[in-house]
Amino acid sequence: MSLFLTLSLLGFVPLSLSHKTNGGYLYPQFYDHSCPKAQQIVKSVMAKAVAREVRMAASIMRLHFHDCFVKGCDGSILLDSSGSIISEKNSVPNRNSARGFDVVDEIKSAVEKECPHTVSCADILAIAARDSSVLTGGPSWEVPLGRRDSRGASLSGSNNNIPAPNNTFQTILTKFKLKGLNIVDLVALSGSHTIGDSRCTSFRQRLYNQSGNGRPDYSLDQSYAAKLRTRCPRSGGDQNLFFLDFVSPTKFDNSYFKNILASKGLLSSDQVLYTKNEASMDLVKQYAANNKLFFEQFAQSMIKMANISPLTGSRGEIRKNCRKVNG
């Protein structure tokens, strides 16, 4: 009898939510005995962090995404540079923009106090990403757990695997497919841009020189573009922040997709979902028309993304401090 069958007969693994990974299973009840209050602790620290600054919800969700796309969901993005480790925090996608590390530290120390050396940083990030959705009015889902933390980072992986705001639609889709995700996951997960901010430097080319001919991006609403130019000049102002969803920037909803239909997606990577591929265009329309459908798919795609190549069993470790490997 397989371990899985045994576990499911014992009732530990709801079939729909257990996820086979190389070397083991992730399942929502992983800490039920070893650290029953783990999820409660994550949620209470996250609630305080988001109350202090709503933007933190988007920042934590993005950390989880940038973690999972590099070597799998293994907490590698949280490591600082030390010894042989070159941190992913200095990669192009993360430099001057990845944030929320202090909140992860705060969660980790609270969890360590309750159950020392039990809950991984990778799992904390997966739970906190779900809480980020819930705390801003988005969907909830049961988070399969049991990930362990990596003992290394990959700067090159971070530079190469994470979709960039100016990548072509095909490049972005390819980067998703390489992680086992499909076009539905791409469009649904892009919907996380219903909250959070982006820097001028991430979309400037759309305002002035989209394809190297000195002209703005024709697929961007021109009155919206004029408004953006006031705070995103041709040079300077790189770090100026703009809402990704200007309609309801702090509420997790489907207005991101409605904005795209109105040619008001902020990033090129947002707008190309509508302009460059028929299947994704259709999905944008569906989610714009049906918030419930978007929420259901977002939750499914987040579970799927959080299942990219986790370390389980005896692989990896449970870090004591999310910023460094155990001594």
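Including glycine, each Cβ sits where the backbone N, Cα and C put it.
Annotated features in TrEMBL:
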DOMAIN    25-326  domain 'Plant heme peroxidase family profile'
DISULFID  C35-C115  disulfide bond
ACT_SITE  H66  active site, proton acceptor
BINDING   D67, V70, G72, D74, S76, E88  Ca(2+) 1 binding site
DISULFID  C68-C73  disulfide bond
DISULFID  C121-C322  disulfide bond
BINDING   P163  substrate binding site
BINDING   T194, D245, D253  Ca(2+) 2 binding site
DISULFID  C200-C232  disulfide bond
| Where the distance is taken from Cα to Cα, which of the recorded positions C35, H66, T194, C200, C232 turns out closest to D74 (Ca(2+) 1 binding site)? | H66
| T194, D245, D253 excluded, remaining Cβ within 8 Å of their centroid (Ca(2+) 2) | G191, H193, I195, V247, S248, P249, K251, F252, N254, S255, Y256
| query | What's the CA-CA gap between D253 (Ca(2+) 2 binding site) and D67 (Ca(2+) 1 binding site) in angstrom, rounded? | reply | 24
| task | Please report how many Å separate the Cα atom of C200 (disulfide bond) from that of P163 (substrate binding site), as a whole number. | result | 17
| said: Which one is it, among the recorded positions S76, P163, C232, D245, C322, that lies nearest to C68 (disulfide bond) by Cα separation? | reply: S76
| query | Could you give the Cα-Cα distance between D245 (Ca(2+) 2 binding site) and P163 (substrate binding site), in whole Å? | reply | 19
| remark: Note on Ca(2+) 1: the CB centroid of D67, V70, G72, D74, S76, E88 has further same-chain residues inside 8 Å, namely H66, C68, F69, K71, C73, G75, I77, S150, A153, S154, G157, S158
| said: Of the recorded positions C35, C115, C121, T194, which one has its Cα closest to the Cα of V70 (Ca(2+) 1 binding site)? | reply: C121
